[in-house]
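Written below as C-alpha cells is the structure these notes are about.
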Amino acid sequence: MRPFAFTLGLCTASLLAVAAHAETLTIATVNNGDMIRMQKLAGEFTKANPDIQLNWVTLEENVLRQRVTTDIANKGGQFDVLTIGTYEVPIWAKNDWLVPLDNLGADYDVDDLIPAIRNGLSSDGKLYAAPFYGESSFIMYRKDLAEKAGVTLPEAPTWDQVADAARKMTDRANGINGICLRGKAGWGENMAFLTATANAFGARWFDENWKPQFDQPEWKKTLQSYVDLMKEAGPEGASSNGFNENLALFQQGKCGMWIDATVAASFVTNPADSTVADKVGFALAPDTGLGKRGNWLWAWSLAIPAGSQKVESAEKFISWATSKAYGELVASKEGWANVPPGTRQSLYANADYQKAAPFAKMTIDSINAADPTKPTVKPVPYTGVQFVAIPEFQGLGTTVGQLFSAALAGQMSVDDALAQAQTAATSTMTEGGYIQ
Amino acid sequence: MARTVTNRQKAVTTVVVWIIALLIFFPILYTIITSFKSETEAIQGFNLIPSGTLESYAEVEAQRGYFRFFLNSVIISVGSTLLALVVAVPAAWSMAFSPTRRTKDVLMWMLSTKMMPAVAVLVPLYLIFARLGLLDNRVAITVMLTLINLPIVVWMLYTYFREIPGEILEASRMDGASLWNEIVYVLTPMAVPGIASTMLLNIILAWNEAFWTIQLTTTNAAPLTVFISSFSSPQGLFWAKLSAASTLAIAPILIMGWFSQRQLVRGLTFGAVK
C-alpha cells in the first residue's frame with residue numbers, strides 16, 4: 001500500500017507543480033469555422049506544451065474589435081493573443097500597441113507567407129501579426145444559368161461583361177436574380193465591396209493631400225453602375241443584404257452571380273448546404289481596363305498586444321496555429337478542404353489541396369491581384385484595398401455606407417448620396433487634422 | 001354609477017389583448033422554434049415548423065459549455081439584487097418616512113444617472129477596473145450592476161413604502177421598537193409584495209445587462225450575455241446556433257418569470273389603485 005500511496009502522492013505533487021507553473025494565455029477570437037476548428041485542435045498544442053493553458057474568449061466581430069480596442073488602448077492587459085484583421089494591424093503597429101513577431105521559431109518559414117498578405121500585416125518591414133486565414137473576393141457564378149442565357153464569363157472579366165451577363169441571367173418570373181451584391185450599410189459590409197469596386201473604376205477615397213474624392217466622376221460612375229445594375233438584376237431588398245444574406249440566396253439557387261469573399265467558395269460548393277453545389281464557376285473580380293481589379297484582401301490574424309506579460313508563450317502559440325504543420329494537422333483530422341486558406345504559398349502548390357479545393361487557383365490568383373500598398377489607379381496617401389487604414393475609417397466608412405445603402409434603396413439619388421459623403425468625409429478629415 | 005361591460009366587449013378585449021401579447025412574445029417564440037432547426041432550415045425563410053433537431057444545442061454546448069456562464073449569471077444577478085436591497089431599503093425608508101425638502105431632488109438626481117448613455121463612461125470605468133485589477137472579476141461586476149440598477153430599486157421601493165401608512169410605523173415606535181426592528185419587523189413584512197417584485201425585476205435587469213458584462217468580463221466572470229454574443233458570425237451560418245444559445249440563456253429567467261408572475265403583477269400594480 002505504501003509504494004502505491006507514495007506514487008500517488010508523487011503524481012499529485014507533479015501535477016500540482018505543473019499546474020502551478022502553467023501559464024494561461026487568454027485568446028480573443030471571432031466565431032467562424034476555422035477559429036472553432038482551431039479551438040478543437042488546441043489540445044495538440046497544450047499536449048506538446050504542458051506549461052501553457054489556453055483560455056478562449058469568443059466574441060462577435062464588431063464587439064471583439066471594440067472590446068479589444070478598449071483594452072489595448074487602456075492597457076487593460078486582459079488578452080495575450082488577439083484575432084485582428086488587416087485593417088487594425090498597420091494602425092495598431094504604428095501606435096506601438098502590438099509586439100513585433102520576431103521570434104516565431106527557426107522552422108516557421110516566414111517567407112512561405114503569401115507576399116500580399118504578409119505586406120498587409122507588416123509595418124516598417126516588421127511582421128506584427130501572423131495570418132491565420134486569408135481571403136480576397138471573386139465572382140461565383142452559376143454555370144448552368146450562364147449557359148442557358150448564352151453568355152460566357154471569361155476568367156478575368158470586365159465590369160461590362162459582368163453587368164451584361166447579370167442582366168441576361170435575370171429571370172425574375174422564376175426567382176432568379178442575375179447578380180447578388182452587398183447592400184447592407186457598414187464599413188465591412190457594402191463599403192468593402194464598393195471601395196474595392198471603386199478601385200477598379202479608378203476612384204479613390206482621398207487624393208495625396210487627404211482631400212475626399214466623392215465629387216469626382218470616377219465615384220459617380222462606380223455608384224451609378226452599381227445602383228443601376230442592382231435595380232435591373234439584383235434581388236429585392238438588396239440594401240439589407242450582407243454576406244450571410246447573399247450566401248443564403250446563392251445557396252438556394254436565387255443568384256446568377258455573386259461577388260464576395262473567396263471563403264464563400266467552400267460554402268457554396270458544399271452539397272450539404274448548397275442546392276447548386278455542382279453548378280458553380282469562379283472568375284476574378286471585374287476590372288474596367290484601368291489596371292486594377294475590384295477584389296479585396298483580408299486576413300484574420302493572430303497578434304500579441306503590447307500589454308501582455310506572456311509574450312514568449314503567446315509567440316509559441318501563434319507559431320503553432322499559423323504554421324505549415326498546423327495545416328497538415330487539420331488535413332489529417334478533417335481533410336485538406338478544411339485547411340485555413342490564403343496564408344501560405346506552399347498550400348497552393350500542394351496537389352492534395354488543389355484536388356480537394358477546386359477554387360484554390362482562383363483564390364490565390366485573386367489574393368495575388370490585390371496590393372494593399374498600391375490599391376488604386378491614382379496615387380493615394382493610405383494603404384488598404386477595401387478600407388483606408390486610418391482610425392477614422394470605421395466611423396466614416398459606416399456613414400458613407402449608410403448613404404450608399406440609401407441610394408440603393410431609392411431613398412436618395414446617387415448624386416445626393418455622393419454629395420453628402422463628400423461633406424461627411426471632409427468634416428471627418430478636417431476634424432482629424434488631415435486637412436489643414 | 002358602475003359601467004356595464006357586455007360579453008361582446010369582453011370577448012373583443014380578450015382577443016385584442018391576446019393578439020398584443022402574441023405579437024410581443026412572437027420574436028422569443030420564433031427564436032425558440034429556430035433553435036430546433038438545422039442551419040440550412042434556419043436561413044430558408046419564414047417557417048414555423050422546425051425539423052426538431054437538437055444539433056444546435058449539442059454544438060453550442062460542445063463549443064462553449066453553458067454551465068459556467070449560467071453560474072456566473074446567477075451569481076451576478078442574484079448577488080447584485082441582494083446588495084442593492086441592502087442599500088435601497090434603508091434609503092427608501094428614509095425618503096418615504098422622513099422626507100426633507102430635497103428628497104424629490106435626490107430621487108430625480110438618482111434617476112437622471114440612468115439617462116446617461118453607458119458608453120460615455122466606458123473609458124474612465126475601464127481604466128479604474130484595469131488599474132485596480134478588477135477586470136473579469138465576479139465581485140466587481142456584481143458591485144457594478146448593483147450601482148447601475150440602484151436608482152430603479154430605490155425608486156420602486158420608495159413608491160411602495162409611500163403606500164404604507166406612517167401611523168403603523170409610529171405605533172411600533174411608541175411600542176418601543178428600535179429603528180432596526182421597525183424596518184425589519186414592521187415595514188419589511190408589509191412591503192413584501194413590493195420588495196419581491198423589485199427583486200424579480202432587478203434580477204431580470206441584471207440577467208439581461210449586456211453592455212458592461214461584455215466590456216468588463218472575459219472568461220472567469222463572463223455571464224450568459226457573453227455566451228450569446230460569441231455565437232454571432234459575419235461569415236457563415238449561425239442563426240440556429242445563436243437561437244439555441246439565446247434560448248438557453250433566456251430559459252431560466254422565463255421560467256422564473258412564469259412562476260412568479262403573480263408577485264410581479266401584484267408588485268408592479270401595488271399602489272396603482274387608491
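Here the Cβ of each residue, glycine as well, is placed from N, Cα and C on the backbone.
Feature annotation from TrEMBL assigns transmembrane segment to B:12-33, B:69-94, B:139-161, B:182-207, B:238-259. Per TrEMBL, the feature domain 'ABC transmembrane type-1' maps to B:70-260.
The transmembrane segment (B:238-259) makes contact with the transmembrane segment (B:69-94): 3 or more of their CB pairs lie within 8 A, with pairs spaced 6 or more apart in sequence. Most Cβ pairs under 8 Å with the transmembrane segment (B:139-161) belong to B:69-94, among the candidate stretches B:12-33, B:69-94, B:182-207. For the transmembrane segment (B:182-207), the list of distant contacts is 73, 76-78, 80-81, 84-85, 88-90, 93, 145, 149, 152-153, 156-157, 159-161, 163-164, 168-169, 172-173, 223-224, 252-253, 256-257, 260, 263-264, 266-268, 270: same-chain residues at least six beyond its ends, Cβ to Cβ under 8 Å. Under 8 Å from some Cβ of the transmembrane segment (B:12-33) lie the Cβ atoms of residues 48, 50, 243, 246-247, 250, 254, all in the same chain and six or more residues away from its ends.
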